């Protein structure tokens with residue numbers, strides 16, 4: 001009762017052949033087995049929030065495993081292998097009834113998929129999705145702000161938006177800028193293919209501008225500005241952080257302190273940069 005445990009059930013993906021022996025369809029049987037496995041590994045009786053990691057059906061965002069596809073492949077529009085949303089919801093209802101999960105949510109969903117799940121749950125008398133976890137940070141704002149903010153307002157669905165990658169996989173710490181310490185460690189150096197959406201795009205150039213803003217407003221570092229900005233969005237209920245050590249964890253927690261404010265002037269400058277770099281991770285250099 002002292003912590004909230006959240007985990008996910010992954011869906012089909014060509015680059016996750018090792019997961020559940022390659023059978024990652026979000027069928028009822030697979031979802032139930034995945035939750036039992038999570039309960040065993042977590043050594044707990046229940047999960048507070050179970051999330052469906054990404055859609056089982058075809059959507060452009062996850063077709064190639066890197067969440068940055070921008071073209072809609074019409075040949076994949078009819079996906080005969082996708083599990084109906086009704087079947088996925090049936091599995092979630094079973095888990096709720098069994099007491100193995102307290103709430104359920106979505107992740108990397110589309111506005112249509114989120115609303116469809118919400119309506120199906122209402123029709124079936126099942127608890128509606130509590131949350132939808134989405135990619136959101138200074139470099140990636142458009143899909144959330146244009147497609148989900150209105151959908152998730154309290155008077156509409158009331159689904160909580162959880163932001164993941166608030167530091168853009170570490171890019172928004174500033175440690176990968178060329179004038180920073182070249183010996184710095186990080187996943188993007190140790191695993192060059194990790195989060196390739198931030199490599200080979202205009203993201204690095206945008207980061208330089210955000211770094212300069214952070215310094216001009218006397219922020220301790222770019223990380224503090226990036227995290228604090230996400231946390232102060234009125235439509236973001238919480239954010240998912242990641243830390244490799246206690247120093248990074250302390251830095252992340254410190255950013256939740258209200259002493260690191262976002263003034264109206266700073267907000268305007270950030271929005272001006274967003275106008276300049278509206279979707280940098282989708283534009284190749």
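Backbone N, Cα and C define each Cβ position, glycine as well.
These features come from Swiss-Prot:
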type: BINDING; residues: 165, 166, 167, 168, 169, 170, 171, 172, 173, 174, 175; note: NADP(+) binding site
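Residue 173 (NADP(+) binding site) carries a helical DSSP state (H, G or I). Ranked by Cβ neighbours within 10 A across all protein chains shown, the binding-site residues 165, 167, 171 are led by 171. DSSP assigns residue 167 (NADP(+) binding site) to coil in the three-state reduction, outside any helix or strand.
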